[in-house]
Every structure is written in C-alpha cells, then in structure tokens.
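Okay, structure first, notes after.
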Amino acid sequence: MESTIVMMMMITRSFFCFLGFLCLLCSSVHGLLSPKGVNFEVQALMDIKASLHDPHGVLDNWDRDAVDPCSWTMVTCSSENFVIGLGTPSQNLSGTLSPSITNLTNLRIVLLQNNNIKGKIPAEIGRLTRLETLDLSDNFFHGEIPFSVGYLQSLQYLRLNNNSLSGVFPLSLSNMTQLAFLDLSYNNLSGPVPRFAAKTFSIVGNPLICPTGTEPDCNGTTLIPMSMNLNQTGVPLYAGGSRNHKMAIAVGSSVGTVSLIFIAVGLFLWWRQRHNQNTFFDVKDGNHHEEVSLGNLRRFGFRELQIATNNFSSKNLLGKGGYGNVYKGILGDSTVVAVKRLKDGGALGGEIQFQTEVEMISLAVHRNLLRLYGFCITQTEKLLVYPYMSNGSVASRMKAKPVLDWSIRKRIAIGAARGLVYLHEQCDPKIIHRDVKAANILLDDYCEAVVGDFGLAKLLDHQDSHVTTAVRGTVGHIAPEYLSTGQSSEKTDVFGFGILLLELVTGQRAFEFGKAANQKGVMLDWVKKIHQEKKLELLVDKELLKKKSYDEIELDEMVRVALLCTQYLPGHRPKMSEVVRMLEGDGLAEKWEASQRSDSVSKCSNRINELMSSSDRYSDLTDDSSLLVQAMELSGPR
C-alpha cells in the first residue's frame, strides 16, 4: 500500500513536471512567432530600454518602429541579421534588467558590467541556450542567483561579481561543463561551495560561505561531488515491496558511508592547510601536482614550464620587455599559455612576499585586463603564466597586414582605457601600470584590448597618493614628473595612455611621430601645431590615409583626448574614467575648452623639451628599450 502511494505521488509529480515543460515550450515558441509587422527582437530590445534609465542617451537610436535593430548602438548581429550581442558596459545605466531579454534567443554575448542596474537577475535567463558570455559584474543586482543559470550549457564566461547577490550557490552551476571562467566574488552568498567545472573561478569576498560544507554553522545544501546524480524529487525511488525497502536502506547506508569518507578527507585537508606555513594549499589535478589559492590561481612546477616552452627555446620567444622575456608554452592538457620569465628572479624578494603580491594581483579581474593564470617560484626563478593571446600586441598588429581599421583602433583605445579605470579606481588596493604603451596592450580573439604587463606594478597604499621608486618605463611614454622626481601616480598612466592614442592615430612608435615629416623639437608641440592648423592628414597613419578609411571627426576627437592626457602638469590631466567618457563622446568639448584657457602648457614647453625630446640623450634607445633610472631620494614633500 505504501509503495503504491509513493508510486502515485511520483506519477503525479511527473505529470506536473511534464505540464511545466509544455508551458515552457509554448512560451518559447510564442517568442519565436510574430504577428505581421512585429519584430520580436525589436520588441525585446525596447522592453530592455524601457526598464533602464539611460542618462547619457547611448540607447537613443533604439526605435520601436524600426524593422531591423542591427544598426543600433550597443547591438551586434550575425550575418543572418539575428541579434547575437548586447553590450552596454560602463554607461552609468540604472533601473532593472527586463525578463524580455530572453526573447533574444540567439544571444551569445551579454555585457552589462560597470553600471548601476539593480533588481533580481531574471529567472528566465536560463532560456538563452546559445549564450557564451554573460557579464553582469559591478552592478547592484540582489536576490539569489537563478537556478536556471545552470541550464546555459554553452556558457563559457560568467561574471556576477561585485553585486549584492545572496542565498546559497546553486548546485546547477556544477553542471556547466563548458564554463571556463566564473567570478562570483564580493557578494553575500552563503552555504557550501559546489565543485565548479570552470578552470578559473573566484569566490572571495563572500564571508558566509562554507569552504568544505562540514562546518557546524553551515546552512544550505551539502557539498556533493560532480559525479553523484540525484533524482529531481529528492526522495528515494521505491519499486514496491520490502525487498526494495531493504535495497533503499542498503543504498542509504552506502551513501552515508561515502559521505563520512568525504567528511574525513575534508577534515584531513583542512588540518594539513592549517599546519602548512605556505599561503597556498596543495591539490591534485590529473597527472600533475599544482598549488592553488582561493580563486584557483595555479602554482606550476618549474620543470612543467620548461617542458611547455621547450626549455625556453628562442623559437618560442614572443617578446622581450623591461620585466623579462615572454615565451609561448603548451601545457600537458594542450592549453596554450604565455610564460613571463622575470629578470633577476632570485632577487625579487622572498617566497611568501612574492606569493602574497601575486595573489593580490590575481584579484584584478576585468575583461580588459590580462588575467594571471598562475605562477612558479624557485630559489633562482620567478615566472608568471598568462593566457596566450593569438593576435599579439597592438604594436605588432600596427605593423602587420592587413592594417587595423579605424573602428578597431577606436575600440582598442576604449577597451584599454576601461582596463586602466579598473586598475586605478576599482581595484583594491589600486595599481599603477607605469608602462602604458602599444606593446603592452594585447588583443584577444575578438580584437578586444587587454592590458598586460601590470603584474609587477607597484600597489598604491590607501594613505599615499604617490609611490617613489626606480623609474621604469619606455622612453617616449614616461611622464615628465615621473622621470624627474621618481613620483608616479594614476596621472603617470594617463600620460602614457595619451601617447598610446597617438600611436593608434599615426601607426608609429612614440619616437617616430615627427621623423617622417623631418620634424625636430618637442614631439607633443608638433602634434599640437598640426591640430591647430587642422592638418591632421599629416598625422594619420598613411595606410588609413590611402584608403580614406577613417572618420575625420573621431580622429580629431582622439587627438584632442591625447593632448589632454599629455598635459605637462599632472593635475591638469583627466582621470581615466573621464578619458573613457570623452572617447565615447561625453564631456570632451568642455574639457578641451577649459584646457585652452589655461596657459600652463605653453609655459612649460621648454621644460618638456629638456626632459623628453633630446635626440642626443636618447639616441641609443628605441621604443622597445626600457629606461631604468634610480629615483632621487626625496627628503620630504615638495
């Protein structure tokens, strides 16, 4: 009798689950059907716009009466004219995210990071089965992470960090086999942590989580291994009779025994971590040993990197820089990486100090920053391991064929600027790059800018506005105050970024700007003179000039931003967040007008000439040469 009742209950539940599936299917089909004259992608996008507050009007050209949304800003379409990308990062948008986003059934990329969007993440988001990238970080989303996120089986990149999300980690996240990167850091999540399939993940900044799931005050679902399958009802399945009852008891006993074994192993690992003086803990993964910290920063063995790079063969050399050489490597699991072998590895401080600094750097995670994949440390060697960027650096691509078109150059400028904004204004503690140049801006598979080589940048103390140290950088990119006093600040990077913009405009290295036109004297004065005389055709890349494939207004705006960034006095230069807005067309006119009223640039031009543009002083240096000068000791404030 009892088994019959259980069976009836299961049949009833299965029936309702089937009805729910039919409802979901019908709603999905309804999203694909459209009455005559109605484009449901347009309808969905207009619903999204209606739920958002857009102070800068970036969505103004979204028109409800339009037939095709593919020409709208922030919208990307496929060759078949389906909307596959929605990207409105760092636009100061507020409001909520409309559930209508799920009617954009072909979406592959959603980038809404660095806004002020609040409310709950729509539970319907699990219907976007083609979604590959979802970035909702740095907003004000609250509530639980929808369980349906686990249905996104095509998702490879998921960032929900820096929100106000709460509740337990959905177990469905452990089933996302395609997920390569996951960041849930700095929320209010609680309970045990599932075993993520993502190779790289971060969960720091969630004080209520239970690392092992065995803590006595841990609330939520028990941590389970990925290989264990549970029935959807959560109750044992009886086929009837005492025999099945006994079988259930046996299975229950077995599960209980396995659970005790996992608890014992967890306690052992916890004990070993507590007794390990190292700040990292050992885990096994496949056929090799590695060490990881919270967030899955991996520690490599030196032998492993030797094998990966063919003993650091010159054939694998990708580039040389001020901090060391970079080699292409292939790991045992066929992952392609870039290995930076630091100069003077044995003299970069102790092991604990180095690991602590590396762990802090690894927390700087942003779409436009080169993610630190891992590190290696021995008594004589220190190495950093990064993802391999197949498109190389901006500097190398500027010299390659086909040349970068104007739209890509502008996208590179905005992307690099956003990466620097994160380092300066959102990273804690803040990071100064100190060597911003085209060679340190890498390009991912989609030609998006990724700022690299900030791995050993000095960290800003919260109580200091500058750092005094050895002057490191590339001639032509070094701000005058940094070169003369050794004081670096965020405005030092702003200066270097201004030079980077001119590199993008001219297609030349910093010291080549005036040589083509046989110009002598101060390079920035020459650029300013050309701009005043409205002869920007003398400045623009010859390859772009031949094809006339650039926007004259946008070119003029980029040169203006470059000149604002390279003003002599650091206090007159804009912040990087202001630079981003100006590159996007917001506030440039006001900033430019204010700079023209100031005569500080003209008063200091002679000083710039002395510090930066003496051809005799730097005759033996190229753009790839790194200048290392011991900074003068400062006796006190100046």
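Note that Cβ sites are derived from N, Cα and C of the backbone, with glycine treated the same way.
Bear in mind that the values here come from a model prediction, so they are computed numbers and not experimental data.
According to Swiss-Prot, of the residues N92, N311, N92 is the one noted as N-linked glycosylation site. Of the candidates N188, N391, Swiss-Prot records N-linked glycosylation site for N188; the remaining residues carry no such annotation there, which does not rule it out for them. Between the CA atoms of N103 (N-linked glycosylation site) and N162 (N-linked glycosylation site) there is a gap of 27 Å. In the predicted model, residues of the repeat 'LRR 1' (104-128) average a pLDDT of 92. Taking all protein chains in view, 15 other C-beta atoms sit within 10 angstroms of the C-beta of N188 (N-linked glycosylation site). Long-range contacts of the repeat 'LRR 1' (104-128) within the same chain: residues 24, 28, 31-32, 41, 44-45, 52, 76, 78, 82-98, 134-152, 154, 159-160, 165, 367, 418, 426, each at least 6 residues beyond the stretch ends and with a Cβ under 8 Å from a Cβ of the stretch. Separation of the C-alpha atoms of S393 (phosphoserine) and D435 (active site, proton acceptor): 14 Å, rounded to the nearest whole number. Each of the modified residues S489, T566 was scored by the other Cβ atoms within 10 Å of its Cβ; the lowest score goes to S489.
When other Cβ atoms within 10 Å of the Cβ of S393 (phosphoserine) are tallied across all protein chains shown, the result is 20.
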